[in-house]
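Q: The structure that follows is given in the form of structure tokens.
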Amino acid sequence: MRNLLDTRTLSREDAIGILDVAEDMADTQRREVKKLPTLRGKTVVNLFFEDSTRTRISFEAAAKRLSADVINFSAKGSSVSKGESLQDTAQTLQAMGADAVVIRHGASGAPRTLATSGWITAGVVNAGDGTHEHPTQALLDAFTMRKRRFGSDSRGRDLAGVRVTIVGDILHSRVARSNVWLLTTLGAEVTLVAPATLVPQDVSAWPVTVVYDLDEAIAAGPDVLMMLRIQLERMNAAYFPTEREYSRRWGLDAGRLHTLGPDSIVMHPGPMNRGLEISADAADSPRSTVLEQVANGVSVRMAVLYLLLAGSDPRDEKGDAR
Ligand code: CP
């Protein structure tokens with residue numbers, strides 16, 4: 001794998017391959033093998049132009065657990081405030097020896113520009129670009145769903161027939177877009193639920209069902225209910241109901257939580273607006289996979305960095321059959 005820019009162009013086989021390598025990485029973590037020597041001598045740069053807790057820290061943890069060196073760059077406090085361009089910033093970091101650049105940027109397409117411009121030779125991983133995509137979030141979400149469904153028998157499996165309902169601010173959500181492409185590639189049936197003003201205009205071209213009523217969507221019996229963060233910071237152009245109205249009509253509260261089927265799980269990519277899109281009862285309930293998703297994120301990002309920088313499937317090195 002040269003770069004990971006999106007899930008839209010990821011094949012079923014490549015997606016399952018990444019998830020299977022992530023299973024191997026999770027196994028090493030479970031066996032308390034804290035560090036693998038695999039990426040010794042490699043340098044991973046975390047190039048973050050937008051805030052992050054989970055993604056930046058889990059890429060850092062993933063790189064360190066593979067023995068890579070990590071350079072963390074945050075646009076805040078950097079020479080970006082003096083007007084330095086993306087090209088000059090990236091080339092400066094490449095000159096310090098970057099083998100992989102993990103980039104989060106407010107502009108949709110910035111990771112692709114970095115990967116295709118010829119500015120740098122390092123592999124590029126999209127850690128979230130504008131409203132476009134967040135591929136490693138979708139991969140860790142798919143990993144979590146597969147693990148919940150198949151347990152230790154997950155390897156080689158897709159998500160055929162899994163019914164996933166994604167609720168909330170679809171318009172601004174790169175997490176929703178990456179999940180729609182990846183989950184449908186893996187065979188899941190995806191339903192989107194949102195106020196009409198938070199549904200993208202081009203949604204008719206997406207392989208999804210759209211409904212506007214959360215109770216109707218829950219009554220249909222989803223296996224997975226994925227609540228999205230309301231992105232108040234990106235809400236300027238879109239009509240947003242009052243927070244009270246949003247919470248009443250599209251929020252997951254204790255009442256709705258109890259109407260879910262016995263095996264349904266509740267997901268959220270974080271950070272959560274508790275009391276807005278999800279209540280504390282729902283976020284902290286045994287159905288919630290929020291912290292499981294965070295833990296799985298490290299294994300998935302280890303797999304992505306491994307496949308980017310070591311270039312082969314670790315099971316091939318061990319002689320395991322695929
Ligand atoms: N889910 C996610 O991308 O979280 P962060 O913004 O904290 O990285």
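Glycine is treated like the rest: Cβ placed from N, Cα and C.
Unlike curated entries, TrEMBL annotations are predicted automatically.
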Q: For the carbamoyl phosphate site, TrEMBL lists ARG54, THR55, HIS134, GLN137, GLY270, PRO271; sort out which one of ARG104, ARG163, ARG244 goes with them.
A: ARG104
Q: Find, for the listed binding-site residues ARG54, LYS82, ARG104, HIS134, ARG174, the residue with the lowest Cβ contact count at a 10 Å cut-off, counting only other Cβ atoms.
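A: If we count Cβ atoms within 10 Å for the binding-site residues ARG54, LYS82, ARG104, HIS134, ARG174, the smallest count is at LYS82.
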Q: Out of ARG54, THR55, LYS82, ARG104, GLY270, which binding-site residues lie by ligand 1, with a C-beta less than 6 Å from some atom of it?
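A: The binding-site residues passing the 6 Å Cβ test are ARG54, THR55, GLY270.
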Q: Just give me the nearest neighbour of ARG174 (L-aspartate binding site) among the binding-site residues ARG104, HIS134, PRO271, Cα to Cα.
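A: Among ARG104, HIS134, PRO271, HIS134.
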Q: Can you give the largest Cα to Cα distance in Å, as a whole number, for the residues ARG54, THR55, ARG104, HIS134, GLN137, GLY270, PRO271 that bind carbamoyl phosphate in the record?
A: 16
